[in-house]
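Asker: Sharing the record's features from TrEMBL:
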type	residues	note
DOMAIN	10-50	domain 'RING-type'
DOMAIN	163-212	domain 'B box-type'
DOMAIN	224-266	domain 'B box-type'
COILED	288-344	coiled coil
DOMAIN	374-432	domain 'COS'
DOMAIN	440-535	domain 'Fibronectin type-III'
DOMAIN	517-702	domain 'B30.2/SPRY'
Amino acid sequence: MEEMEEELKCPVCGSFYREPIILPCSHNLCQACARNILVQTPESESPQSRRASGSGVSDYDYLDLDKMSLYSEADSGYGSYGGFASAPTTPCQKSPNGVRVFPPAMPPPPTHLSPALAPVPRNSCITCPQCHRSLILDDRGLRGFPKNRVLEGVIDRYQQSKAAALKCQLCEKAPKEATVMCEQCDVFYCDPCRLRCHPPRGPLAKHRLVPPAQGRVSRRLSPRKVSTCTDHELENHSMYCVQCKMPVCYQCLEEGKHSSHEVKALGAMWKLHKSQLSQALNGLSDRAKEAKEFLVQLRTMVQQIQENSVEFEACLVAQCDALIDALNRRKAQLLARVNKEHEHKLKVVRDQISHCTVKLRQTTGLMEYCLEVIKENDPSGFLQISDALIRRVHLTEDQWGKGTLTPRMTTDFDLSLDNSPLLQSIHQLDFVQVKASSPVPATPILQLEECCTHNNSATLSWKQPPLSTVAAEGYILELDDGSGGQFREVYVGKETMCTVDGLHFNSTYNARVKAFNKTGVSPYSKTLVLQTSEVAWFAFDPGSAHSDIIFSNDNLTVTCSSYDDRVVLGKTGFSKGVHYWELTIDRYDNHPDPAFGVARIDVMKDVMLGKDDKAWAMYVDNNRSWFMHNNSHTNRTEGGITKGATIGVLLDLNRKTLTFFINNEQQGPIAFENVEGLFFPAVSLNRNVQVTLHTGLPVPDFYSSRASIA
């Protein structure tokens, strides 16, 4: 029965109900607590004024209750009374059992009467602390609410069933053991609370105080109070109003507001509602039984999850330890090979040191002997041995011939460990769903006949195997970095064809694709090797050019409609490799100074190329040229251009240099060094110049030979 205790406690005071009353919303309150949470309302909202206005609506009408409901504003701790324009907002607090309570706007006036008998302020409103429905009280005040005698009986039986010592009912925090009970107040007191709340003077002096045990017996033996009519206090309930769903007396039927309502015998309705409540409890009991079984199932699942987690962790640790052991064994094997190579190299070098040391000692001895022989002054004696010594010297010199003084062994270890596949496998090490609802898709097949490269772009196409029955929700295309590095995702989607732009020229890329669905990811397809173009074919880009630029010849020829310099870029950007292109001067009037070079994509388009820090250029007239970057002019060089001249631009991103040529001759020194990043071919010109672009050209032979020598 302890689980029922919360149902027996008042939401305001948190203690067992004392003289509980039933609100129209079916919730209960202690009569004293109901008086404490009354709120006085404006005169215009009084029941008399409402009846005078002819509304004719019952005080217990739920539509009006809803209109006057009190709600907590976003749980902020403040409430506002809907329907009362002049009612102030009143801060709410929480009762001991956690229900929000809205205290009265003004404290009740002091009175010498007991709380239950004190008069209720006129035009009062009460708000249920549980559902926040509000109701304006009529002239009867709290007497207009019926007493819940059944709840009192349940509380009595519950308290009698508890074997613990009787506790004081007025202690604020930890209740102390009761020492007396007042038969008139029906309250258990400890000594401090009795002296504070029930002094032996005034109207309370005639109250009879008895020991707690005697008070419990007297309370148990006292006859239960009979429920009386709220409208006619001297009459007991004898019938039940079906329309209002409440017990009524015979006067209510003869002269009260229930005279025209359908009524039934109180006993019959009592048995009927008991039966209905029992049936409803049967369904609720089934739900409670299912909930208990479900809780047992959940607790069992908690235990199983913990056991499975321990087992799975142990399995994972064992698998990883096995991998570590295998790696350590392989490490030992590789170290043994390194040590073997180390010993071999040392042996060869040490043998060569020993051999060379012996020969050097012999050679040095022969040299010292020959020097002593040369000191002899006897010609005949010298000539007797000189031929033999000369032959020995030449023979010894020949023994120091080619290769003798060359190391037989290099210091480098000709061993290279490629751990990238293993690292990639470790990074891809992941769990596989054992209990999959459906299988993963089949491995896609790359359609080689549709895969191709153009300049620095690659187009790849793939398909599912013809006999595959598992649908794929999408595909993941991966490419490496063009230098044998790790793969990276370049496309994720449902399409089976993808074009990847912005690759490096003259580079080899590896591509692969895999499919996925809700279950998981398929294995990778076979790896496809793609080779981008060695040289770049491109044209001028109308999309990024200044609006004054005029295009022709499939965007290979450009001029300008303005006398001011305007910039146009090529369509292709370079970030790696060596690239060479040329421009021929188709028209050259009035000796202008066009500029040629490279630029970033966001270069200024309405000034000469090189005026800002986004361009590296050579501007040239009919006599000389200058290099320009960030509006800085350097390296004036004699030699200009005329109609028909050819300008060559060589961008070497391997050596990070930019070089210019006029009519196949290098113009000045290397123009710019330490250039790196993404560069686009660029030209600036005005209406006096027209140029044509030539691409796909190999690097000049003289530059290639010079680079190989360097």
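Cβ coordinates are placed from backbone N, Cα and C, and glycine is handled just like the others.
A TrEMBL annotation is a machine prediction, not a hand-curated record.
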Asker: Counting each residue once, how many in the domain 'Fibronectin type-III' (440-535) are helix, strand and coil under DSSP?
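Answerer: Secondary-structure composition of the domain 'Fibronectin type-III' (440-535): 3 helix, 42 strand, 51 coil.
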Asker: Same chain, outside the domain 'B box-type' (224-266) by at least 6, Cβ under 8 Å from its Cβ: which residues?
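Answerer: Residues 58, 60, 140, 143-147, 149, 152-153.
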Asker: Per DSSP, what is the helix/strand/coil residue tally across the domain 'B box-type' (224-266)?
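Answerer: Per DSSP, the residues of the domain 'B box-type' (224-266) fall into 6 helix, 11 strand, 26 coil.
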